[in-house]
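Worksheet for the structure shown next.
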Amino acid sequence: MKKSIIAFPRIGSNRELKFALEKYFRKEISEDELQIVAKELRLESWKSQKEAGIDYPISNDFSFYDQTLDLSIALGVIPERYKKLKLNELDTLFALARGFQDEENDVKARPMKKWFNTNYHYIVPEISKETVIKANFSKLLNEYQEAKTAGFETRPTIIGPYTFLILADYLSGVTEDAILSDLIGAYTILFDQLNNLGGEWLQIEEPALVLDQTEEEQQLFIKIYQELLKNKNKLRVLLQTYFGDLRNSYQEIIKLDFDGIGLDFVEGRESVKLVQKYGFPKNKLLFAGVVNGKNIWRNHYQKTLSLLKDLGNIDNIVINTSCSLQHVPVTTENETKLSKEILNHFAFAKEKLVEVSEISEIYVKKNTSLLDKNIALFDKNRVQENIQLKQKIIHLTDKDFIRTPSLVERRADQIKALNLPLLPTTTIGSFPQTPEIRKSRLQYKRGELSKSDYEAFLEEKIKECLELQENIGLDVLVHGEFERNDMVEYFGEQLDGYIFTQKAWVQSYGTRCVKPPIVWGDITRPQAMTVRWSAYAQSQTSKPVKGMLTGPVTILNWSFPREDISLKESTLQLALAVQEEVLDLEKSGVKIIQIDEAALREKLPLRRSDWYSEYLDWAIPAFRLVHSKVKAETQIHTHMCYSEFEDIIPSIDAMDADVISFEASRSQLSIIDALKAHHFQTLVGPGVYDIHSPRIPSSQEIKIQLEKILNKLPIEQVWVNPDCGLKTRGNKETIPSLTHLVEATKEVRKGKITYDK
């Protein structure tokens, strides 16, 4: 029985890629030096896979920024405004991802969206009338040859043409038909080139197959591959799917001339039933995704073996991961502070390679010692249940999820209490974390800085931040979040039920890596988490200062959750803990409390029919539970970013927040039309500039954004803010950008323009 994975993390076990890229962006290293780091990371990945017994090591899973963006470059799908910059290929890629600004040019970054239901983000391809497909697969081919030279016969992977078409933005009435023929031709060229190099396999990733499909989309997929697979010659082609099942198209797909088909048996609820009902062709390999590529818990071998048995008499099975391992940390080897007893329960990417091999060995060779060891791990009670918390959740009633008075009724109380101007200006929460701030936090964690000295340092930084905001002229201030390393980890560290790693980093986008905390047991709040800093900040100014919290859904979605209880139960535990914090903030005199739900959409099922019953029916009430007990005059804000929200607008309105800020600038404010169409009741702050790009927007640019918003929404409904928190930016970008934001807002206010609503 062969052993395989879909892809391996590319960031390095110590985030080597992140740090090399940041040096390159600062012009501290050359492209050649950056490429050396990349080559070392690829070699390490292939070695790890081979040493673990993986039969099909993967190439072309490496990317400097994003694999979808790599494909756009390979296909020549580069909008004209980026070509005009006349940059080399790598810098063009970075311009698409980050924007580009110099004395002569000012180009915004392409929109960034969540990769299906993960916390990874992809750069959205843009198709226009000017788009001309021009194949250049040098990256894939070079990395395949690089591996071969190093002694590894790899299976290159690439995102497929169907998924590319589904994910792309189409401008000016253009449809996929405009590029379909050339797109198929480009992949045909890749087949020929890989054949000429002696390539054995090509993995084509088509995760869009697990989404709801129209009849037209099913036919589009079939049309693409009936044509494409005619040209594979000796090359064997694996269709790799993940994040769900193929219930719309399984019967048709197994008829196509693929040599292997990869199915997800972790998130694909119907995958086993599909194989049982319709069978699996004897002339194809079934790449069975049975090792969870998204979570960090050890595989339960008994359950996996039982699942494989349920597939029936299929001889041609390859043990595989359920998705790319880029969604989990690289290895547990660097975790020196967690006990062996705890680490035994975890499998990061390198450990999952071993799991793939062990499952194969147990299945084929009946290795009972490996199986017995795994069974013993799951036979123990890992945590003790909190009975009191369980009872509290059981006895929640409908009233616990409803805030009174209603949204419209309490708005008058808030207007009176806050006395804000039209178009109130604010930020999303965090301010730039300078090397000095990071150094002090690290010194405090290491015991090199006393608590009193560290707190005095933070108070000074908060004062500076408040003074800066007042000088700029913002209406609602924030304390800057200098005490926080991460918007989820910070809270998890103060909640019972969480455990933390040292180096369990996962890529979110580009150079942005996150270290998700792990939900180990039942979650409770032993003491106040943020009141100390929010209350201090409010005492330093007469302007309102927002209390800043992360919401329960986002905390869970950006953690590695338990697998022994439901996501709903874990979320309600978190909601009760955050509710306690909200009430303590209110008691301390904080009048505006922001409860971020940046990741609300992240666990939304990929199929619309499952949205409510499996997610929204408990995720939205969990948010309402958090703020249901606050006073009418306390204003509740929330923030959301980097997802598609247009199709769940009614659910977002049902969160019953008073103000919601959205990421909107990269997506050309497209969410505004949806808000207007759904008669959105909540006050809104669509982000007027993109903070994930280093470029600085002008006052005029922000004014134009505001005018677009006010052409569709009443001025009384609109707040003015950036897209997201400013933590990852520098002061040299933040200060002028916010200054321009306030200047533009004042100009619009002064103009007293009558807008067509």
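Yeah, the Cβs are placed from backbone N, Cα and C, and that goes for glycine too.
Residues ILE428, GLY429, SER430, ASP596 are recorded by Swiss-Prot as L-methionine binders, and the candidate that the same record lists for that site, out of GLU481, GLU483, GLU646, is GLU481. With HIS639, CYS641, CYS724 listed by Swiss-Prot as binding Zn(2+), the candidate from GLU663, GLU707, GLU743 annotated for that site turns out to be GLU663. Site annotation (Swiss-Prot, ligand 5-methyltetrahydropteroyltri-L-glutamate) includes ARG15, GLU16, LEU17, LYS18, LYS114, ARG512, CYS513, TRP558; from GLU464, GLU467, GLU602, the additional listed residue is GLU602. Pairwise Cα distances among ARG15, GLU16, LEU17, LYS18, LYS114, ARG512, CYS513, TRP558, GLU602, the recorded 5-methyltetrahydropteroyltri-L-glutamate-binding residues, top out at 27 Å. Rounded to a whole number, the distance between the Cα atoms of GLU663 (Zn(2+) binding site) and SER430 (L-homocysteine binding site) is 15 Å. Closest by Cα distance to CYS724 (Zn(2+) binding site), from the binding-site residues LEU17, LYS114, GLY429, GLU481, CYS513, is GLY429. Within 8 A of the CB centroid of the L-methionine site residues ILE428, GLY429, SER430, GLU481, ASP596, the other residues of that chain are THR427, VAL478, MET487, MET548, GLN594, HIS639, CYS724, GLY725, LEU726, LYS727.
In this structure, ASP596 (L-homocysteine binding site) is part of a beta strand by DSSP. Here the binding-site residues are LEU17, ILE428, CYS513, CYS641; the one with the fewest Cβ atoms within 10 Å of its Cβ is CYS513. In this view, HIS692 (active site, proton donor) is surrounded by 22 other Cβ atoms within 10 Å of its Cβ, with every protein chain counted. When the Cα atoms are compared, ILE428 (L-homocysteine binding site) and ARG15 (5-methyltetrahydropteroyltri-L-glutamate binding site) turn out to be 27 Å apart. Comparing LYS114 (5-methyltetrahydropteroyltri-L-glutamate binding site) with CYS641 (Zn(2+) binding site), their Cα atoms are 9 Å apart once rounded. When secondary structure is read from DSSP and collapsed to three states, GLU663 (Zn(2+) binding site) falls in the coil class.
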